[in-house]
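Here the structure is laid out as C-alpha cells; the discussion comes afterwards.
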Amino acid sequence: MKVIEGGFPAPNAKIAIVISRFNSFINESLLSGAIDTLKRHGQVSEDNITVVRCPGAVELPLVAQRVAKTGKFDAIVSLGSVIRGGTPHFDYVCSEMNKGLAQVSLEFSIPVAFGVLTVDTIDQAIERAGTKAGNKGAEAALSALEMINVLSEIDS
C-alpha cells in the first residue's frame, strides 16, 4: 500500500499571500504568523514570498484568481478577517468569499489555503490571530506547504 503525505519543507516554493486590509489590526498578526511559518517550517526564502493586499475579504477571490492565472506561484495563502455585525452582510461575505477561493483552487489546480477568520466577535478574532487559539495565518501557511508537497508526490 502506498500512502501519500506531504511534509512541510518546500524551500523552492513560490508563495503568494493575498491579504485584505479591512480589520488590518487583526490581519497583520495573521500575516506575521504566515510568513514566520513559511520561513521556519517551509524553509521558504523571503524572496519567494509575495504579499498582495486588497481592500476587503470580498476582493480576495478575484485577487487570488489573478495571482493564480500568472502561473508564477506554487500556492496561495488567503488571509483576512470578517467579524459578524448586526446585519446579514456577514453571511453573504463569508459564503461568497469561501466559494470564490475554492473555485480558484480548482480552476487553476493550485492550493489556496484559507486563513480568513470568520468570527462573531473581535475577541474571537484576537484569540485566533496569535493568542489563546493559535495563529490561523500560521496554520494556513502550513496547509499550503503540505499541499504543495502532496500534489508534487501525486504528480511524480
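Glycine too: its Cβ is placed from the backbone N, Cα and C atoms.
Per Swiss-Prot, the features are as follows:
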type     : residues                                                : note
BINDING  : Phe22, Ala57, Val58, Glu59, Ser81, Val82, Ile83, Phe114 : 5-amino-6-(D-ribitylamino)uracil binding site
BINDING  : Gly86, Thr87, Arg128                                    : (2S)-2-hydroxy-3-oxobutyl phosphate binding site
ACT_SITE : His89                                                   : active site, proton donor
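Sequence features annotated in Swiss-Prot and their locations in the structure.
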{"residue": "Phe22", "record": "5-amino-6-(D-ribitylamino)uracil binding site", "Cβ within 10 Å": "17"}
{"residue": "Ala57", "record": "5-amino-6-(D-ribitylamino)uracil binding site", "Cβ within 10 Å": "27"}
{"residue": "Val58", "record": "5-amino-6-(D-ribitylamino)uracil binding site", "Cβ within 10 Å": "19"}
{"residue": "Glu59", "record": "5-amino-6-(D-ribitylamino)uracil binding site", "Cβ within 10 Å": "18"}
{"residue": "Ser81", "record": "5-amino-6-(D-ribitylamino)uracil binding site", "Cβ within 10 Å": "28"}
{"residue": "Ile83", "record": "5-amino-6-(D-ribitylamino)uracil binding site", "Cβ within 10 Å": "17"}
{"residue": "Thr87", "record": "(2S)-2-hydroxy-3-oxobutyl phosphate binding site", "Cβ within 10 Å": "8"}
{"residue": "His89", "record": "active site, proton donor", "Cβ within 10 Å": "12"}
{"residue": "Phe114", "record": "5-amino-6-(D-ribitylamino)uracil binding site", "Cβ within 10 Å": "21"}
{"residue": "Arg128", "record": "(2S)-2-hydroxy-3-oxobutyl phosphate binding site", "Cβ within 10 Å": "23"}
Which entry in the list of binding-site residues, Val82, Gly86, has its Cβ near the fewest other Cβ atoms, using 10 Å as the limit?
Gly86
Taking only the Cα atoms, work out how far Val58 (5-amino-6-(D-ribitylamino)uracil binding site) lies from His89 (active site, proton donor), in Å, as a whole number.
11
Length of the line joining the Cα atoms of Val82 (5-amino-6-(D-ribitylamino)uracil binding site) and His89 (active site, proton donor), in Å
10
Three-state secondary structure, which DSSP defines for Glu59 (5-amino-6-(D-ribitylamino)uracil binding site)
helix
If I take the Cα of Ser81 (5-amino-6-(D-ribitylamino)uracil binding site) as reference, which of the recorded positions Thr87, His89, Arg128 has the closest Cα?
Arg128
